[in-house]
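As written in TrEMBL, here are the features:
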- 236: active site, charge relay system (ACT_SITE)
- 331: active site, charge relay system (ACT_SITE)
- 365: active site, charge relay system (ACT_SITE)
- 207-415: domain 'BAAT/Acyl-CoA thioester hydrolase C-terminal' (DOMAIN)
């Protein structure tokens, strides 16, 4: 490494996952061309990497907040482009960082192309490590095994009271990333597993709303929780569960629905030992194969408006809490925007206005906390193979930054914290 070249990560190299860092290089030759690289390994051992080529200014400096990438995994001025443009070293892999106590460690380095013939390796001029924490200072993580509930509770530092949020993860097991980050921003957050975790069954054939009701009641009783109700945040399949909670249960004051469906999907929904919603199913004959060997599944769900499927539609007009509908317009998992339109039409027909809508052109299905690697395709358990999630990396990354702030504002506005 060159002793002259300095790579800086500002304001600090150790930060929370959802915080941006400013990447700067100094000590280069005037107008020198270099390549910056980022590399990280997820908890499944998959390596993700990115690169971007820059030309230093007249004083030998590069600032990613000012200078455009001239080529690589992204181009243009994108201060966090090295992080969101990281790609896996194998096809159809989604970045896995689900355990809150494990930081996302990114090695960033500066390289100069060697001009000597026969040298295949370029010379590394400087290196720095960005440690991106999933859990902020003072946040308490507690494993929950009470009654039927299996999950993890995150409580912020400070006296509170804090708004309470139930985070519904899509799929089996648990993902702690979003709930731990929300707790780091001042929310008491409980995330629960539906199956595939601890002593729970590996798979299920139905969902019982009573379990989620138990989770709401547990969360409301927690130390530092303010207010009489809770918020619910969801994504994909868990979106319809969140809407059903708002429609059938007491105490759900605010719901964030991200790229879900307007009907109860895949698994029938039960409450108090009776089925309340049958399942809207898929027609796998509508899978569209692509050259990447990942399927386009946008038209695979049966139409919930068809007469034979109307019973699967969630009676969202029953919801008394506030609803935030978030739709990625390039979602290829299913037509999230069309489902939003259906729900808005239904709500307005019943004279309801307790909702707001945010749409993101160019974004794909998996809208998550910002600055993680964009995922164009990965394995889908229902399909049994890789599927396209949609979106374009730059637009998707920008949507995640905007949405993360919007989610926090929405919950703070509609989850009233009474100091008593």
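Heads up, the Cβ atoms here are built off N, Cα and C, so glycines get one too.
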Across the domain 'BAAT/Acyl-CoA thioester hydrolase C-terminal' (207-415), the model's average pLDDT, rounded to a whole number, is 96
Spacing of the two Cα atoms, residue 331 (active site, charge relay system) and residue 236 (active site, charge relay system), in whole angstrom, works out to 10
Rounded Cα distance in angstrom between residue 236 (active site, charge relay system) and residue 365 (active site, charge relay system) is 8
Excluding its own, the Cβ atoms lying within 10 Å of the Cβ of residue 236 (active site, charge relay system) add up to 23
